[in-house]
Amino acid sequence: MKGVQFLVAFVLLALASKLVSASDPSPLQDFCVAINDTKDGVFVNGKFCKDPKLAKAEDFYLSGLNIPGNTSNQVGSMVTPANVQQIPGLNTLGISLVRIDYAPYGGLNPPHTHPRATEILVVVEGTLYVGFVTSNMDNRLFTKVLHPGDVFVFPQGLIHFQFNIGHTNAVAFAALSSQNPGVITIANAVFGSDPAINPDVLAKAFQLDRNIVSQLQSQFWWDNN
């Protein structure tokens, strides 16, 4: 009986450990304002921390998210981040924000993943077709058409996208469960890596002619460099 109890306790402990490690570590103090100067800093959770006595309101402040992003680019969208790079006070707090602007019909935030964060998105202007795909083996697609005030969740690590299907500009804000969620844009990563992935690998994976793969790589490599 004691052996069974020990086994149950061990399993619960293992599950708890998995849950704890699934997101940014919890802070052990009120805040840990990020600082680039290592002389007077302490290295914690990816960033050096400023002496709390030297923290000021500006460390927790960012303006400008009311300004539309420039969508004059190939995908017709612009992401304006508010993460630990822009707001040092977010360090160790496990949260960040982005504003996303989309050009009229066709503005796309292309398929991508956030390796360190779940995302919750709210539309404030326009109409978006959004979705995410589950992991292998199902690769199930979940999609929804969102209008102003609608909210959608993209689970951590899953490929997701947003596409403006309206004939006016669209705007959304998204919160992410990490101070620095990271982003991997699928097409850029696969076809625009530096150095380039062997075209034979991609031709086999995508069941494409090698020349088409080389053409795609030349286009994305140019875009990324």
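Every residue gets a Cβ built from N, Cα and C, even glycine.
Marked as signal peptide by TrEMBL: 1-22. Sequence annotations record features per position, and here TrEMBL assigns disulfide bond to Cys32-Cys49. Residues or ranges marked as domain 'Cupin type-1' by TrEMBL: 63-214. TrEMBL lists Asn109, His114, Glu119 with the feature oxalate binding site. Taken from TrEMBL, the feature Mn(2+) binding site covers His112, His114, Glu119, His160.
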Inter-residue C-alpha distance, Glu119 (oxalate binding site) and Cys32 (disulfide bond) (nearest angstrom): 23
Pairwise Cα distance for Cys49 (disulfide bond)/Asn109 (oxalate binding site) [Å, integer]: 33
Sequence-distant neighbours of His112 (Mn(2+) binding site) in its chain (C-beta under 8 A, six or more apart): Ile159, His160, Phe161, Val183, Ile184, Thr185, Ile186
Rounded inter-Cα distance in Å - His114 (oxalate binding site), Cys32 (disulfide bond): 23
Residues within 8 Å of the Asn109, His114, Glu119 Cβ centre (excluding the oxalate site residues themselves): Val98, His112, Thr113, Ala117, Leu121, Phe154, His160, Ala174, Leu176, Pro181, Val183
Averaged pLDDT, computed only over the residues in the domain 'Cupin type-1' (63-214): 96
Candidates Cys32, Cys49: member of the disulfide-bonded residues with the richest Cβ shell (10 Å): Cys32
Residues that sit under 8 angstroms from Asn109 (oxalate binding site) by C-beta distance, when 6+ apart in the chain: Val75, Ser77, Val79, Ile100, Tyr102, Phe161, Gln162, Phe163
8 Å Cβ shell about His112, His114, Glu119, His160 centroid, Mn(2+) site members excluded: Thr113, Ala117, Phe132, Phe154, Leu158, Ile159, Pro181, Val183
Cβ neighbour count within 10 Å of Glu119 (oxalate binding site): 22
